[in-house]
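K.L.:
My questions all concern the structure below.
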Amino acid sequence: ASAGVAVTNLNLKPGHCVEIKGSIPPDCKGFAVNLGEDASNFLLHFNARFDLHGDVNKIVCNSKEADAWGSEQREEVFPFQQGAEVMVCFEYQTQKIIIKFSSGDQFSFPVRKVLPSIPFLSLEGLAFKSITTE
C-alpha cells in the first residue's frame with residue numbers, strides 16, 4: 001500500500017526520534033514524510049525525489065505554515081534506491097530536526113516554529129512497514 005498514511009497522535013517530544021521503515025516502490029518518482037501540527041502546518045516536509053519536479057536523486061526539505069510553503073533546503077546526500085528497503089530516523093531537537101539514515105549520513109533542518117511536541121506525521125509514496133518512536 002503506497003497510499004498516504006497519517007498519524008495524528010504522534011506526540012514526538014524534543015530529544016526523541018521517530019523511525020520509519022518501509023520499502024520504496026520500484027517505479028517510485030519520489031516519497032515524502034511530513035512532521036508537524038496537522039496537514040496544513042509542517043515543521044518538516046521531507047521529500048526524496050528520484051525524478052520529480054525537475055530534481056533527480058535529491059532530497060528537498062521545507063516547512064509549511066497555514067498551507068504556505070517556506071524556503072526549500074536541498075541536500076546532496078541521497079542514500080535511497082527504487083525497489084529497496086528504507087529506514088530514516090527523524091530526531092526532534094527544539095531548534096532543528098536531525099534526519100539520520102541507515103547509511104550513516106545525516107543532516108538537519110531548522111525548526112521555524114517551535115512546538116512542545118509534534119502531533120502529526122504523514123507519509124506519501126512509501127510502502128511503510130513500521131513507525132516507532134524512541
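Cβ coordinates come from backbone N, Cα and C, glycine included.
Swiss-Prot lists these features:
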type	residues	note
BINDING	H45, F46, N47, A48, R49, H53, N62, W69, G70, S71, E72	beta-D-galactoside binding site
DOMAIN	4-134	domain 'Galectin'
MOD_RES	A1	N-acetylalanine
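Describe each of these features in terms of where it is and what it packs against.
P.N.:
Other C-beta atoms found within 10 angstroms of the C-beta of G70 (beta-D-galactoside binding site) number 15, with every protein chain shown included. Look at G70 (beta-D-galactoside binding site): DSSP puts it in coil.
The average per-residue pLDDT of the prediction over the domain 'Galectin' (4-134) is 96, rounded to a whole number.
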K.L.:
Near the Cβ of E72 (beta-D-galactoside binding site), how many other Cβ atoms are there if near means within 10 Å?
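P.N.:
So the Cβ neighbour count for E72 (beta-D-galactoside binding site) comes to 12.
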K.L.:
Among all protein chains shown, how many Cβ atoms are found within 10 Å of the Cβ of N47 (beta-D-galactoside binding site), not counting that one?
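P.N.:
Around the Cβ of N47 (beta-D-galactoside binding site), 22 other Cβ atoms lie within 10 Å.
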